[in-house]
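Q: Starting off with a structure, shown below.
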Amino acid sequence: MLPSGGEGRAYGETPAAGTERNARQTHNQSAALLPPSTAIRSRFRSITERPPAMTTVRGKKRYMIDDSPNGIGSTRGSAYTQQPSWLAGLETPVRGLSAHTGTSLADTILQPQRLFSYGSPPSGPADAPSPARSILEANQRESEVVGRLETLRRESERAKFELRQVEMERERDREEAQRVRQQLEADVLAQTRRVEKLERDRRWLFEQEDRLAEQRRTIEAELTTQRKKHQTQTDEMSATMHELKQRLDEANRSLRSTRAEHAEKLEAQQQRTAAAEETIARLKAQQDIDKGAGSANDASLQYTVETLKREMRDKDQDIEELQQKLKQLMGSEDASTTVSPSRSRVAQLERDLREQCAYIKAIEQQNRKLGAEVGRLADTAGKYEKERETVIALQAKVQRLEAQQEGRAEIEARLDAMQQEREQWSRVLNDGSDQSRLDSPFAIAKTVASQRHTIRMLESKVTTLQENAESANEHLQSTARDVQLYRQECARLEKEAAIEKHRATQIEQSKQHAVREAEFLRTQLHSYDREEEELMGGNYDRQKAERIRQLELFIDEQRAWISATQPGVAVQDGASSAPSAGADGVSTALLQGYREDAESKQRELEEVKTEHQHLLRRFEDLEKEAARLEHQVGCGLGYNPRTTRILQLIDNPSAQDYAIRSEKLKALAAENEALLERIRLLEKSNENNESDGNSDTPPDDATGAGSAFFHTIDNLRSENQNLTRQLEDSAKLISRYKKEWKKKAAELREVVYLILGYRVDFMSNGSVRFTSMYAAGVDQSFVFTSGDDDQGVMRLSGGGSKTYLKGLTNDIRYWVQERGSIPGFLATVTLQNFEAQADQNSQQQ
Amino acid sequence: MSVQAQLTKGKITLKGSARIVTEFFMYGINSILFQRGIYPVEEFEVKKKYGLDIWVSNDQQVQKYLEKIMQSVEEWLSMGKINKLVLAVNSREARETLERWQFDIQLVDDEEVVAGEKPKPPKSEKALRMEIQAIFRQIAASVSFLPIIEEKCTFNILVYADSDAEVPTTWTDSDPLHIKNAEQVRLRSFSTDAHRVEAMVAYRRDPDLC
């Protein structure tokens, strides 16, 4: 069995590595059977063939990096933490060596058996290593330590370089992130400015729209007022027209009546004239006959006079004078029945008749003149009215035209302004890359919304990038911390390396010293051998000498092997340091993969977000469409006439109302038409009268007047029906009010009875009867009458019975007369009655 | 009584549901006519229905008109030939439609029960009454947001029936009496086991508020 100390410590075995040690023990056990050189070689092989400490599983590595910002450091730390223990393992034998070298050389010389610790024959005390072996091992360890220190230095330099690279990369990333952030901020600022400008423009447009709407409203209000004004003017004008028409009608009527009167007078005068002429002719003939026949013709004259009398009786009062004269004439003719008519009377009669004829002619002439004047005046009035209407119409037209012209000028100015504005807008909106049509407020609003959306997306992107930058910063900071740690570690290692270097120098010196000493000892040993060979003769231990020689050969061989294996150790150290470099490369690759993965995820996220936005927009569109369709359905427009019929009952309230109204309207239209027809007829007859001159007869329009009259009656009847209906409604309303009032009054009385304890009865003479709730009988009541002039003063005027009132005289005097408090009196009575009733009840019980 | 009997027996039949819906229309229309002041208050009287005081017209002509309509509506409902009933409030002077109270009627499909699941339990009378109560309360509350009717108005009832429905001679086709520049508010709904009625009111937007 080999000793447990030397070999295990020589190759840096950590005591905690249980499984590895077990394997190694097995290996050592198997190596124990081999020669030392073979065992050392196999041990070296096991070290060189040791699997790298760091696995390159991408997922696990990424997880470590993901989970902690110090992931790389931790892996590196784990790689490095192995080294100190490994170095500690290395350190121990060196220290042992130094301790050993610290001992006196004589001790090592005096203990030569230690040189033969490995492979020594079992016969000698070869358990302790020999000094040469120890020196060799120390040399070997020193060379290994130096090699490892070199390796560590190289590693630290490489780590520094990589650290610098990582720092530069981080710096570049940071600058890139900063630049992107600045660019995005500038974009956001520009977009915000643009949005603000668009907002301002939109606000300005809204204000313009509001202003225009206000103007439109004002114009509409003015138009309404103007319309109302015109309406009132039209109404006034129509009223004036109506009045004028009535006056004209009256004037026409009076004219017609005057004409008729004049015509009647004229006719009467003509008849009278004709009759008088006839009478004159008869009288002349009779006079001629009288000349011959004498009184034989008196009978015929009498007949003529009677005829005249009969005719003259029908004449008007205006020509009473003529009647008187005729009467006189009749009287004279009566007288002439008895005596023959004298020539003077006939002459007087003729003269009178002539005067009458002249008078009639004058009247006719005057009448004609007046008729012509009336016609001329009527024409003038008509023309004047027409001219006035024309002037009013023209004035209205001119006003309308002026207003329209002003409105047109305003609209044109507004249109120009709007066109300029639109051009500006189109220029503004077509400036950017968005060349979509923006010719409507909706499109502008949509563009603004999309720009907002873009800004929001950019903001979210900026936020994401800021977060990424922050995480990168954090990562950078953690990396810097790691770098700091590495630097500290490097410094420590450099310090240790310096110590080790110093120690190595010492070891080198001691090695050289030991080599010299070994050479010296060897020469001394040779001298001993020669001396022993010479002195001891046959007793010389050739076997021992041979053994020594073999051992020297072995040492030479070992030296050669050590010198041969040093490059291998260096290679091994390089290989042992390679995993860490490889690990760094792997971590960088992992980081790169993570970045790519994150970028692809980011891209996917962006796509999903875009899809989400698209779906949201589609959802909004669909919602709008649904709202529009629902609105249509609500308005009554949305139905399919092929599958659905809209039905209504023929006899429905709207149709009834419409029928009533249309019937009323028709009746009014018919009445109006009839009245217009009547006016037209009257005007026509008037014109005919004027053109016919004397033939002034009123038109025979009895049927027209009758129909208008009937229409009016019908309309009045329907109006009467409406009024009756209204009256019925009013009666219903009044009855409901009465009912409600009675209900409320009863409620009030009940409330007063329940709360104040008195039943209130309003009597027909205006007085009020109060009967207590606790009264023993019906006659125990009080009657109150209002004071003079109903000024709100009540006084006690009586009661149900005089005896009852007499019983309360004291209370009445005390409360009512002295203190003037009816409520106090009533309350006292209530209490008394209550107590009396309570006593009575208790007695009954 | 028959409706009560049907309710207590279990699930409401189509005919019973048609009767319930018709009764709802009758009282609903009366309530709208009262709340919107189409006729004076004197022509209404209070009746207890659905646990509420509902104002019902006592005008013979109006009652006769509504009964005529409801007779046909019940028939169409029991045959599933009606999908909408609209009460249109029209101005007398301008003859424009000011309000449209629309009741959408849908047949409840019973065959949608998935195999293995329990069939839907019949609706209780109380639940139905509560739903109808909610609609009546909304009708009463709608006065607060609907524009005040300042002109004299009349009303008309339209029925959106299927084109293959049998139409009595007392009925005629009508235009939809749509509202120009309208706004609308959806009211609550109620459903029997056979019908689902959704209420909605559309009204002309006040031009002064635009």
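Even glycines carry a Cβ here, placed using N, Cα and C.
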Q: Of A:43-95, A:96-148, A:149-201, which span is tagged coiled coil by TrEMBL?
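A: Per TrEMBL, the stretch marked coiled coil is A:149-201.
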Q: From the ranges A:455-503, A:749-797, grab the one TrEMBL calls coiled coil.
A: A:455-503
Q: What range among A:507-548, A:591-632 does TrEMBL describe as coiled coil?
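A: Of A:507-548, A:591-632, TrEMBL gives coiled coil for A:591-632.
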Q: Can you give the mean pLDDT for the coiled coil (A:149-201), rounded to a whole number?
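A: Taking every residue in the coiled coil (A:149-201) and averaging pLDDT yields 88.
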